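Please read the structure below before turning to the comments.
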């Protein structure tokens with residue numbers, strides 16, 4: 001009986017494991033492709049880009065661009081606590097407003113600092129598309145296209161966005177806390193998190209390059225400052241102590257203190273100099289994983305290699321994609337149909 005039970009559980013585990021992997025890459029070429037809206041809404045990318053251009057101002061420029069990128073990351077990296085991994089992924093669930101009946105992802109502690117300006121831009125793009133192509137373009141696709149466009153805006157690499165995502169039917173704050181990398185995590189934990197949704201160590205290091213722009217809350221690296229962490233460059237520590245009103249450690253600081261408004265490989269150079277504010281960034285360059293350390297060195301030495309960011313974004317954009325009846329196309333990105 002014990003042997004039969006063991007065999008049954010093994011079969012069940014393999015079945016669910018295969019199903020989970022299929023779910024992560026669930027979209028077929030016909031239902032998920034670069035040209036998905038060529039017939040139904042051919043101007044989709046222009047309409048979205050026009051809304052980005054309208055939004056840009058000296059202030060919005062520095063908030064919206066990293067805000068959209070972070071919004072896309074937080075949308076794609078969500079799972080729920082299934083028997084075996086179930087990925088919600090890139091399905092626009094981050095955009096749902098909480099209600100009395102549903103404590104949505106936006107209420108998760110890790111998401112409370114997401115820029116409202118970024119949410120507003122997605123909503124503006126959705127409103128424009130509803131006038132041109134009502135009920136056609138998903139909120140998940142709008143966010144994916146904007147993530148590419150804001151990287152282009154700051155002279156980063158370009159890529160063609162695969163489209164055809166459906167908007168998810170679940171948005172839960174507790175689930176949003178499960179997978180998102182934390183700012184104080186070690187390299188092995190970060191690698192396991194990424195591997196759980198089909199992303200590699202190379203993807204981890206490459207996608208972390210998004211920290212070449214934007215800011216972080218001072219509380220996210222406060223312990224490194226309080227305890228005079230010797231792995232943090234002393235000049236950088238003194239600088240952020242002033243910026244963060246030490247010892248209160250309030251406010252924000254640029255993740256890349258050198259060129260915070262350029263999408264380049266400066267982030268990796270700063271990591272090599274021990275100037276990465278977040279421990280989760282520092283361990284990419286000085287943690288126990290040799291491959292991660294070597295890749296940081298390569299990116300720091302050659303800006304041209306950082307075009308790999310585009311490939312990693314395409315790969316992340318496939319995580320947990322829903323098509324057909326697995327999701328919906330919302331008319332309003334902030335609530336389910």
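Every residue, even glycine, has its Cβ placed from backbone N, Cα and C.
TrEMBL annotations:
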ACT_SITE  74  active site, proton acceptor
BINDING   75, 87, 89, 91, 93, 105  Ca(2+) 1 binding site
BINDING   181  substrate binding site
BINDING   211  heme b binding site
DISULFID  41-133  disulfide bond
DISULFID  76-90  disulfide bond
DISULFID  139-333  disulfide bond
DISULFID  218-244  disulfide bond
DOMAIN    31-337  domain 'Plant heme peroxidase family profile'
SIGNAL    1-26  signal peptide
SITE      70  site 'Transition state stabilizer'
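Shown on the structure are the features that TrEMBL records.
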residue	record	contacts (Cβ under 8 Å, 6+ apart)
41	disulfide bond	129, 132, 133, 136, 137
70	site 'Transition state stabilizer'	114, 115, 118, 210, 214
74	active site, proton acceptor	94, 105, 110, 111, 114, 176, 180
75	Ca(2+) 1 binding site	89, 90, 91, 92, 93, 94, 95, 140, 143
139	disulfide bond	92, 95, 122, 126, 167, 330, 333
181	substrate binding site	77, 190, 193, 280
Problem set entry | pLDDT averaged over the residues of the domain 'Plant heme peroxidase family profile' (31-337) | 93
Problem set entry | Other C-beta atoms that fall within 10 angstroms of the C-beta of residue 90 (disulfide bond) | 28
Seminar exercise, completed: The number of other Cβ atoms within 10 Å of the Cβ of residue 218 (disulfide bond), counted over all protein chains shown, is 21
Seminar exercise, completed: Rounded Cα distance in angstrom between the residue listed as 'heme b binding site' and residue 218 (disulfide bond) is 15
Exercise. Using a Cβ-Cβ cut-off under 8 angstroms and a sequence gap of six or more, which residues of the chain neighbour residue 76 (disulfide bond)?
Worked result: 89, 90, 197, 316, 317, 319, 320
Exercise. What same-chain residues, at least 6 away in sequence, bring their CB to under 8 Å of the CB of residue 244 (disulfide bond)?
Worked result: 218, 222, 225, 250, 251, 253
Exercise. Counting all other Cβ atoms within 10 Å across every protein chain shown, which of the disulfide-bonded residues 133, 333 scores highest?
Worked result: 333
